[in-house]
């Protein structure tokens, strides 16, 4: 009954949100022009996920990075010598081949109809459901942008950001502190981080020791996974013990001072966000409902609709 109630709450929330944040997108945008669009995307993501589970956190992260730079217009998908894909924060993005595969199939079924920006938004949702998260309805109708510049990627959230900096970056897109905790938590309950992002926390804090605010019984485990003389490219789960499952254990780890990144850890140590973390520690329920709500809100940042932008024939290049 609890899961049924949670799903019902998601639907109610989304019905309200679409009216507020829709900006021209709507649920079922392709119901007549390409009725199998969402099925094609879902099947494609599932097929790739079966052979490479890393595409799930990769696609979720890619969608977030797309929306935080010029809005959710698929600009992160464009390739080129100075495109967003070449920026330092994006060089390790994973899953472009999934979007390209889905686009090829959609062009065969419905030429020139489904945008790459919508494919990415749908793929992010499907990635969550494939990793045991709750699904939600994604408003569609975005069009694709024509500009992609590495120089525009400067304002993406960083692993070392303080809470104040994270709040400033999120509020620039009308995302509040609750959205921040929700989206960071959802993005980090699956996937990994490079050791280079945590070396200073586990070796080079005050007195050349680990950050004293971390769980000191957890530090040796991280030091074994990320040796001090390593090259920093090895990776560790962002949600220790549950890195492949979309669940609430990320928040439980935060409460145990086991947040991997500094930007994670401050969500627990800061009074402004601790109560939200505590709320989301409960199994499913509130977190899943809020995640769907915040994802819809984020996915409508700066969208192009109507005659703005284009429908790319190939996601990596403008028409």
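From the backbone N, Cα and C atoms, a Cβ is placed for every residue, glycine too.
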Residue in 182, 189, 192, 199 which Swiss-Prot records at the Ca(2+) 2 site where 239, 242, 247 also bind: 189
Rounded inter-Cα distance in Å - residue 73 (Ca(2+) 1 binding site), residue 65 (active site, proton acceptor): 11
Cβ within 8 Å of the mean position of the Cβ atoms of 66, 69, 71, 73, 75: remaining residues of the chain near Ca(2+) 1: 67, 68, 70, 72, 74, 76, 84, 117, 145, 148, 302
Integer Cα-Cα distance in angstrom, residue 69 (Ca(2+) 1 binding site) to residue 157 (substrate binding site): 11
Other C-beta atoms that fall within 10 angstroms of the C-beta of residue 65 (active site, proton acceptor): 21
For residue 157 (substrate binding site), the number of other Cβ atoms found within 10 Å of its own Cβ: 20
Candidates 71, 75, 157 (binding-site residues) with Cα within 10 Å of residue 61 (site 'Transition state stabilizer'): none
